[in-house]
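A short worksheet on the structure shown next.
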């Protein structure tokens, strides 16, 4: 049985390029996560002290910088990791990108981050080319196998990527004043597009990881992430995004927000297996926590619109600090475990990281209720949010810098 599982898990490795590669360039997720985790920590700490006025950076519009870097900066790295790691599994005839070619992609991402920090000096167009070209290239890598697949099972990933690329282009056109659309509104719409991609990716990641957990614990059952639940949630998300973009603060957003929250919460029904209770297993709770935080975010946004509280930007942090933070953390844990040939595990440190992301989310989102402590709350929530990624580095960097324990390549 173990040998059969190993053969199945290694099916896509038959197309692995020949040759020897540095371990950090042996698969897409390794190099990305080695850079991304410290970048997340540095970025959020800098933002907290920048907003508090304790430091200065060569950036005119610090709000746009912060939002763009957390959505497109960090988000694009996760996109690279997901597609470079996932495409060979979704389409087993796809050759993994490793070695020098992978290094070029990593360098392009780094140049994109550096250039955006200094956009006021380099100019919009250089920065736009560096940033947009990365996502266009990753989209190109996904388009070819997705359209060649007779069943078109993963074509939705391509459509989600197209929305993200178009919104990124629109953002830079707005910054360059070539279109008369507020760049901030474009970033908010981009957030929704990223949430759509997150749901699509999470469906695939949860299918792989939870079924591996069932095998690992010798539970005779199959976990299925049912597409209709995700499709309903994605429809509600897109409806919310476009209505907010076209009619900001419209009262109908309250009911659409509630619909988003309910549909996302409905996805948790997939985890209620008929004959086995897995919903309270720590690892499963990691994935479910993403759904719960995202649903809570939309419920609070709906409450805000319904009673005209004016807390939209604060409650939106359930989706950014909460959903994004939890997705980054959980996906990095899952991929760094499974794709280094290890059994899925949890421990007190990883559980603490999960709790700190939730705690930092509530501290940040509820700032309007203790506004006199706003600066302290900003700094505290940012530090608490950064700690889980320090925990990740401590536990998983040794995994990323060593060969797979099961003897497979990558």
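Glycine is no exception: its Cβ is also placed from the backbone N, Cα and C atoms.
The transmembrane segment annotation in TrEMBL covers 21-50 (among others).
Beyond its flanks by at least six residues, the transmembrane segment (70-90) meets 12-13, 15, 27-29, 32-33, 35-36, 39-40, 43-44, 96-97, 102, 105, 109, 112-113, 116, 131, 134-135, 138, 141-142, 145, 153-154, 157, 161, 164, 168, 171, 187, 190-191, 194, 197, 201, 204, 208, 320, 324, 327-328, 331, 335, 339 of its own chain at Cβ-Cβ distances under 8 Å. For 70-90 (among others), the entry in TrEMBL reads transmembrane segment.
The annotation transmembrane segment is assigned in TrEMBL to 102-119 (among others).
Residues or ranges marked as transmembrane segment in TrEMBL: 125-144 (among others).
Annotation comment: TrEMBL describes 156-178 (among others) as transmembrane segment.
According to TrEMBL, the feature transmembrane segment maps to 184-202 (among others).
Per TrEMBL, transmembrane segment is recorded for 228-247 (among others). Within its own chain, the transmembrane segment (228-247) has Cβ neighbours under 8 Å at 185, 188-189, 191-193, 195-196, 199-200, 203, 253, 256-257, 259-260, 263-264, 266-267, 269-270, 298, counting only residues six or more beyond its boundaries.
Here TrEMBL flags 253-272 (among others) as transmembrane segment.
For 284-306 (among others), the entry in TrEMBL reads transmembrane segment.
The transmembrane segment annotation in TrEMBL covers 318-336 (among others).
Long-range contacts of the transmembrane segment (348-367) within the same chain: residues 282, 286, 289, 293, 300, 314-315, 317-318, 321-322, 325-326, 329-330, 333, 374, 377-378, 380-382, 384-385, 387-389, 391-392, 394-395, each at least 6 residues beyond the stretch ends and with a Cβ under 8 Å from a Cβ of the stretch. What TrEMBL records for 348-367 (among others) is transmembrane segment.
Marked as transmembrane segment by TrEMBL: 373-401 (among others).
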Cβ under 8 Å, sequence separation of at least 6 from the ends of the transmembrane segment (373-401): give me the contacting residues as numbers and ranges.
23-24, 29-30, 33-34, 37-38, 40-41, 44-45, 47-49, 51-52, 321, 325, 328-329, 332-333, 336-337, 340, 342, 347, 349-350, 352-354, 356-357, 359-361, 363-364, 367
Quick tally over 21-50, 125-144, 156-178, 253-272 of CB pairs under 8 Å to the transmembrane segment (284-306) gives the top stretch as 253-272
In the same chain, who gets a Cβ under 8 Å from the transmembrane segment (156-178) while lying at least 6 residues past its ends?
64, 68, 72, 79, 83, 119, 124-125, 127-128, 131-132, 135-136, 138-139, 142-143, 146-147, 186-187, 189-190, 193-194, 196-197, 200-201
Would the transmembrane segment (21-50) count as touching the transmembrane segment (253-272), if touching means at least three Cβ pairs under 8 Å and pairs must be 6 or more apart in sequence?
no
Cβ contacts under 8 Å made by the transmembrane segment (253-272) with residues that lie 6+ beyond its boundaries:
199, 206, 210, 223-226, 229-230, 232-233, 235-237, 239-240, 243-244, 247, 278-279, 284, 287-288, 291-292, 294-299, 301-306
